[in-house]
Amino acid sequence: MIPSILPTYSRAPLEFVKGEGSWLLTADGRRFLDLGAGIAVNALGHAHPALVRALTDQAENLWHVSNLYRIPQQQALADRLVEHTFADTVFFTNSGTEACELAVKMVRKYWYEKGDPDRIEIITFDGSFHGRSTAAIAASGAEKMVKGFGPLMPGFTHLPWGDPDALRAAVTDRTAAILIEPVQGEGGIRVLPDQDLKALRDLCDETGALLVLDEVQCGMGRTGRLFAHEWAGITPDIMMVAKGIGGGFPLGAVLATENAAGGMTVGTHGSTYGGNPLGCAVGCAVMDHVADPDFLAHVNRVAGQLRQGLEGLVAAHPEVFEEVRGSGLMLGIRCKAPNADVVRAGYDNAVITVPAADNVIRLLPPLTLSADEVGEALARLEKAAIQVTAA
Ligand SMILES: *Cc1c(COP(=O)(O)O)cnc(C)c1O
């Protein structure tokens, strides 16, 4: 008999009843160190007082009105994002997937309005993840996501990751856009080197193709800059954001330049919930913290400590681990043992990590992680490694 929850997830036998900062508590009082943060969502940890206040204050006044009316919280969050980024304009969604949908529509409409409606080819990369809608799975092209769901939305060309020659050959004056994660998340924490992102920007400038960055996982302070592309000193034309921006409240956004957004006029797109007062009140509170240079300095400091510790851990347990990779507090450990075994041993030692492709375990802790908690994380991961070795 089919379970009452559609069985598309294989869930760990863990149930949490409370969150406090970097910690998750079970009903029987066990405390887990949360290095997953709901897959890079709880950027300020669990139950951050500023977010609780923003949400409850808003909840006492007004939950929802629809986008038929002005929403001051949405205006404030859009203004703040425009102030801190390349973007001239923002559309709010409820998820990363919806941000992907709009990004694809925006690209197509851009070329349509330029009088080039057949210019629809969007280049994407192996190992990418952009969400689970029909457009987003077509963008990724990964067999495990698309199999059985055809016919797929046309217009995507998939290239190997990290192959500049293949890229140069594929990008032509027919290319509508290049869509890429500056750091692949689901694909196994694969960092696009700064010079490759710069080269992508140059290619787009040469051909007129739009550069679309998916910063759903790597954005909002995760890599130690507000957005990951800032490390390369370039700017995209369009950017997808979600996960961390709501700190746990469902919120996403598409940021764009005035030029790239030129086709999106009244009536061309919409959302019932996107940008509603609750989500945007929380988003403003998240931005207050994450856009603060002192906060980002903390992220970089703690990330350096964690990375250094992990390098030592990997060196000490070569039978379990292979290498550390990533950027800021978006770290991956490529495992020699099956990554699922390492994640499970983590549960046994009350530390939460997230599996990814390429036999990687991801560490995506709250950005508020403390130096003490870094030590705690390393100690628990070490116990997990010892357990995997003994098994
Ligand atoms: C999670 C993720 C998405 C999809 O976001 P949802 O909110 O799950 O729809 C898209 N792109 C990247 C890079 C992601 O990590």
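Placed from the backbone N, Cα and C atoms, the Cβ positions cover glycine too.
Annotated features in TrEMBL:
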type: BINDING; residues: Gly96, Thr97, Phe129, Asp214, Glu215, Val216, Gln217, Thr272; note: pyridoxal 5'-phosphate binding site
type: BINDING; residues: Arg132, Ser271; note: N(2)-acetyl-L-ornithine binding site
type: MOD_RES; residues: Lys243; note: N6-(pyridoxal phosphate)lysine
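Features recorded in TrEMBL, as mapped to the structure shown.
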| residue | record | DSSP (3 states) |
| --- | --- | --- |
| Gly96 | pyridoxal 5'-phosphate binding site | helix |
| Phe129 | pyridoxal 5'-phosphate binding site | coil |
| Asp214 | pyridoxal 5'-phosphate binding site | strand |
| Lys243 | N6-(pyridoxal phosphate)lysine | helix |
| Ser271 | N(2)-acetyl-L-ornithine binding site | coil |
Site diameter for pyridoxal 5'-phosphate, Å, by largest Cα distance between Gly96, Thr97, Phe129, Asp214, Glu215, Val216, Gln217, Thr272: 25
Among Glu215, Ser271, Thr272, the binding-site residues whose C-beta sits under 6 Å from ligand 1: none
Of the recorded positions listed as Arg132, Lys243, Ser271, the one whose CA lies nearest the CA of Val216 (pyridoxal 5'-phosphate binding site): Lys243
Other CB atoms within 10 A, centred on Phe129 (pyridoxal 5'-phosphate binding site): 23
Site with most surrounding Cβ atoms, counting all protein chains shown within 10 Å, from the binding-site residues Gln217, Ser271: Gln217
Distant-in-sequence Cβ neighbours of Arg132 (N(2)-acetyl-L-ornithine binding site), under 8 Å, six or more positions away: Thr97, Met145
C-beta crowding around Thr272 (pyridoxal 5'-phosphate binding site), within 10 angstroms: 9
Intrachain C-beta neighbours of Gly96 (pyridoxal 5'-phosphate binding site), sequence separation six or more, cut-off 8 angstroms: His130, Gly131, Asp214, Val216, Gln217, Met240, Val241, Ala242, Lys243, Gly252
Winner by Cβ contact number (other Cβ atoms within 10 Å) across the recorded positions Thr97, Lys243: Lys243
Distance, Glu215 (pyridoxal 5'-phosphate binding site) to Ser271 (N(2)-acetyl-L-ornithine binding site) (CA atoms, angstrom): 21
Spatial neighbours of Glu215 (pyridoxal 5'-phosphate binding site) that are distant in sequence (at least 6 apart) but have CB under 8 A: Glu181, Pro182, Phe227, Ala228, His229, Met239, Met240, Val241
Neighbouring C-beta atoms (10 Å sphere around the C-beta of Asp214 (pyridoxal 5'-phosphate binding site)): 31
Val216 (pyridoxal 5'-phosphate binding site) CB neighbourhood, other CB atoms within 10 A: 28
